[in-house]
Amino acid sequence: MMALNLAHQTGAAAVAAPAAPRSAVIAAAASVAQPSTAPSSAPALQAQTLTVDAAAPAQAPDTVKPDLAMACQALVDGAEAPEAEHLGAAAEARSKSGVPVFVMMPLDTVRKDGNSLNRRKAVEASLAALKSAGVEGIMVDVWWGIAEAEAPGKYNFNGYMELMEMARKNGLKVQAVMSFHQCGGNVGDSVTIPLPKWVLEEMDKDQDLAYTDRSGRRNYEYVSLGCDAMPVLKGRSPIQCYADFMRAFRDHFATYMGNTIVEIQVGMGPAGELRYPSYPESNGIWAFPGIGEFQCYDRYMLSSLKAAAEAVGKPEWGNAGPGDSGSYKDWPEDTPFFRREGGWNTEYGQFFMSWYSQMLLEHGERILSAATGVFTASPGVKISVKVAGIHWHYGTRSHAAELTAGYYNTRHHDGYQPIARMLGRHGAVLNFTCVEMRDHEQPQDAQCRPEALVQQVAAAARDAGVGLAGENALPRYDETAHDQVVATAAEKAEEDRMVAFTYLRMGPDLFQPENWRRFAAFVKRMSGAGKKDMCREQVEREASGVAHATQPLVQEAAVALTN
């Protein structure tokens, strides 16, 4: 299987940082070579407008019996974790024993009208149970398409405020994801939450605001990074919109920043990840383990490509991306560009990949500049960025699936060091997926190497002095996956230990009795990693005690989540 998964002011001054130098692009194309054939892009396909569902009526609040929650908590060994300190990510990782575990909330935790929570009773019971199991906190998507749905600068955080207060009362921390992408179209997306309708209106007027492939397909998951600094969204640039949204979130939740809200994960692309939408699952366009397609055919991206090609004296390279790179479901050897000695390793290929990946890095730089500008005055809040775990075809020379996503990572070129260094310049944490996967569990003919990929990314983070956090890419409740996460994330030398792990995802399956007992043991093992007196039998006994004590809460949560 594939690895994915997979925060009041408007009209502020531009916050985009100056573009990073294109030295990598120029250096890659310093020598002259014959260009690959690259056809011009086809006419755009008609995109469809997506609309937000009608608001549902709010539910009356329910509460979990406080005496039950307190009794469960009394069984948990150790005091509550101290308040987050304003440390560098890597330093903070070394200052603690073990790895704190967070749990992702359901994608539709907040109603689409933004006013309240879905399944409030289930959320209340779930948070109490998580706290009793020793979980550090929760992660929740703060959807752009919910909180700024109706009009530019009109924010509605009411439902999220309800959740933050509930988390605070239960003693849980919160990782808040600034989700500037559409929910729907990727692995695990059980609901659809489009971009704000006023953004979609602008994208319908100018379809080049959407990422576009060689055939002219438009992708409405995320606004194209090619127009980051242009006032294309009702007079504001996308970067300004993101900055204003984060500023509004910070101001609205000022009393929670640094004590309850301890991390802001800044969305940077589809599924919230710093990448291009090169492998969309919607409408059967892509299927695992396809190589995906380059997303550089909107006019803003093509304008940049043309300028880069002219800057190196090869204007013929600036008309389009590689014309022989195949289609979404192809394998590397199906294409002249990605095969063993293909175009990826020519001077043209090096030029194109340097430009394509550099555009993604500059996008990350601009958003992180905005985010750090907003949250610098919030001690105790760290910023993180999610990088996709694209492990299929990792064992080939070209790493085709990584290349189309924007990670210039090949047999001869490390694509994760530049990302880690960029995050390091802003003091951000690198959040990486597929930590639970083992090589032998994956299709061998697809050259899947998740373990080697995690090791490479961890090394890049360590070399850049960046904190590394992890997630499981797919829902797993078995001890085999738990063992892999503990081994990868926690049972490492202090300098390699992850700063946090976020478990995907809270739902009815997690609260099935055996799954819940195993999860409680997993949390205990993660928090106790590095302690010499920890033994598996002791962990299992304590996990069974937690499971027994929290049984009423867990049953209530499972039933409410199912309904």
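Just so it is clear, glycine is given a Cβ too, placed from its N, Cα and C backbone atoms.
The substrate binding site annotation in TrEMBL covers ASP141, HIS181, ASP189, LYS386, HIS391, THR433, ASN472, ALA473, ARG505. Positions annotated as active site, proton donor by TrEMBL: GLU273. TrEMBL lists GLU471 with the feature active site, proton acceptor.
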Can you tell me how far the Cα of ASP141 (substrate binding site) sits from the Cα of GLU471 (active site, proton acceptor), in Å?
15
Rank the binding-site residues HIS391, ARG505 by the number of other Cβ atoms within 10 Å of each Cβ and report the first-ranked residue.
HIS391
Out of the recorded positions GLU273, HIS391, ARG505, give me the one sitting nearest to GLU471 (active site, proton acceptor) by CA distance.
ARG505
Reported as an integer number of Å, what is the Cα distance between HIS391 (substrate binding site) and the residue listed as 'active site, proton donor'?
15
So for GLU471 (active site, proton acceptor), how many other CB atoms are inside 10 Å of its CB?
27
What is the interatomic distance between the Cα atoms of ASN472 (substrate binding site) and GLU273 (active site, proton donor), given in whole Å?
14
